[in-house]
Amino acid sequence: MKRVFLIVLDSVGIGEMPDAANYKDEGSNTLKAAAKSEFFSTPNLEKLGLFHMDGLTDMANSKVVPQATYARMNEASKGKDTTIGHWEISGIISEKPLPTFPEGFPKELLDEFEKRTGRKVICNKPYSGTEVIKDYGKEHVETGALIVYTSADSVFQIAAHEGVVPIEELYRYCEIAREICKGPTGVGRVIARPFEGEYPDYRRTAKRHDYSLQPPRDTMLNQLKEAGYSVLAVGKINDIFAGSGVTEMVYTKNNAEGIEETLKYQKKEFEGLCFVNLVDFDMVYGHRNDVDGYAKALSYFDEQLPRFLESMQEEDILMITADHGCDPSTPSTDHSREYTPLIVYGNQIKGNTNLGTRKTFADIGSAILEYFNVPSRIQGESFLEECMKK
């Protein structure tokens with residue numbers, strides 16, 4: 001029974017890409033930033049080859065012989081956000097970045113949004129999600145106007161107090177925004193950002209919901225589903241692909257939940273892909289420039305990893321990668337244009353095998369399709385033959 005568990009450590013980049021200057025990300029290295037913290041400890045990832053990848057060998061312990069195949073992944077797409085990164089992993093290289101709005105959204109778009117929702121809009125500028133409710137939360141509660149804001153990413157975010165706008169109503173407003181954000185304003189994601197509490201102590205709740213663009217063409221997920229395989233989505237994977245190609249999904253509130261849900265799926269019988277996103281690295285620590293928090297989150301994942309490895313079946317393959325960077329040590333709170341890691345591990349996978357630097361994240365999707373004997377219609381070149389034991 002063939003199974004692949006593909007785990008995305010959201011934002012765990014491993015060093016600036018050659019074009020990082022075009023994105024104002026020179027010098028970014030998310031993993032090395034976290035490694036400077038006293039709370040950083042990843043012996044299990046190290047055993048799998050994490051520090052033997054291109055660009056990280058100065059961190060390697062020469063006594064450790066990696067038990068897995070490993071590589072450094074280059075992002076071929078233009079952009080550095082979650083949607084673009086996950087789409088590329090699944091076989092779509094995006095020639096254009098998704099639109100961003102550093103000056104806020106155009107008046108015509110917001111006029112239509114106000115007309116359709118019956119509520120006014122406040123803010124309309126790039127903002128930190130925690131700061132925006134501090135600065136606009138009181139006005140929102142008093143007037144009922146929706147806090148609409150963006151970031152350096154391609155997002156249209158709507159913050160609302162759950163006591164003012166019931167959660168289902170907020171989700172409906174997001175669906176309206178998703179309908180009208182198209183063409184030049186076709187953001188990658190519309191995001192519901194509910195919060196609660198009393199002024200000035202507002203806090204975001206865990207009922208965030210993302211409304212993504214449909215992928216422009218079929219991905220690895222669609223091909224696996226068409227071929228009769230299960231495609232299980234853990235965390236925000238279902239949202240990132242707007243449900244396209246997913247056969248079963250479970251939402252999670254944090255990394256701990258994501259790990260537990262993945263372990264539950266590991267115990268179940270299925271044939272196909274379990275695609276996991278662990279978001280805390282990015283959402284809770286990277287964007288908030290919390291180096292120690294980031295290090296603790298990586299250490300926690302590393303602590304839990306043996307639970308998964310010990311329960312792997314004969315035909316299981318584990319792949320660990322990332323979708324972009326988000327260096328918590330730089331002045332920027334935004335994503336960073338970085339290489340990402342790839343670890344491939346399983347009973348059938350060679351140890352101590354370095355695949356070097358791959359041209360595109362899409363090689364991952366191609367390798368997964370080849371493992372399931374599904375002829376690929378996606379971009380990317382499979383590395384499966386290079387890492388399978390003969």
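Numbering starts at 1 and runs along the chain as it is shown here.
The backbone N, Cα and C atoms fix where each Cβ goes, glycine too.
Predicted, not measured: the structure shown is a model, and the values here were computed from it.
Among the features that Swiss-Prot reports, Mn(2+) 1 binding site is placed at Asp10, Asp323, His324. For Asp10 (Mn(2+) 1 binding site), the count of additional Cβ atoms within 10 Å of its Cβ stands at 24 [all protein chains shown].
Residues or ranges marked as Mn(2+) 2 binding site by Swiss-Prot on the basis of sequence analysis: Asp282, His287, His335. According to DSSP, His335 (Mn(2+) 2 binding site) sits in a coil region rather than a helix or strand.
The residues near the Mn(2+) 1 site, meaning same-chain residues not in Asp10, Asp323, His324 whose C-beta sits within 8 angstroms of the mean position of the site's C-beta atoms, are Val8, Leu9, Ser11, Val12, Gly13, Asp81, Thr82, Gly85, His86, Asp282, Ala322, Gly325, Cys326, His335, Thr340, in sequence order. Around Asp282 (Mn(2+) 2 binding site), the C-beta neighbours below 8 angstroms that are at least 6 residues distant in the chain are Asp10, Ser11, Thr82, Cys326, His335. Reduced to three states, the DSSP call for Asp10 (Mn(2+) 1 binding site) is coil. Taking the centre of the Cβ atoms of Asp282, His287, His335 as the Mn(2+) 2 site, the nearby residues of that chain (Cβ within 8 Å, site residues left out) are Asp10, Ser11, Asp153, Met283, Gly286, His324, Cys326, Thr333, Asp334. Proximity of Asp323 (Mn(2+) 1 binding site) to non-local residues of its own chain (separation of 6 or more, Cβ distance below 8 Å) is seen for Val8, Asp10, Ser11, Thr82, Gly85, His86, Ile89, Thr340, Phe361, given in sequence order.
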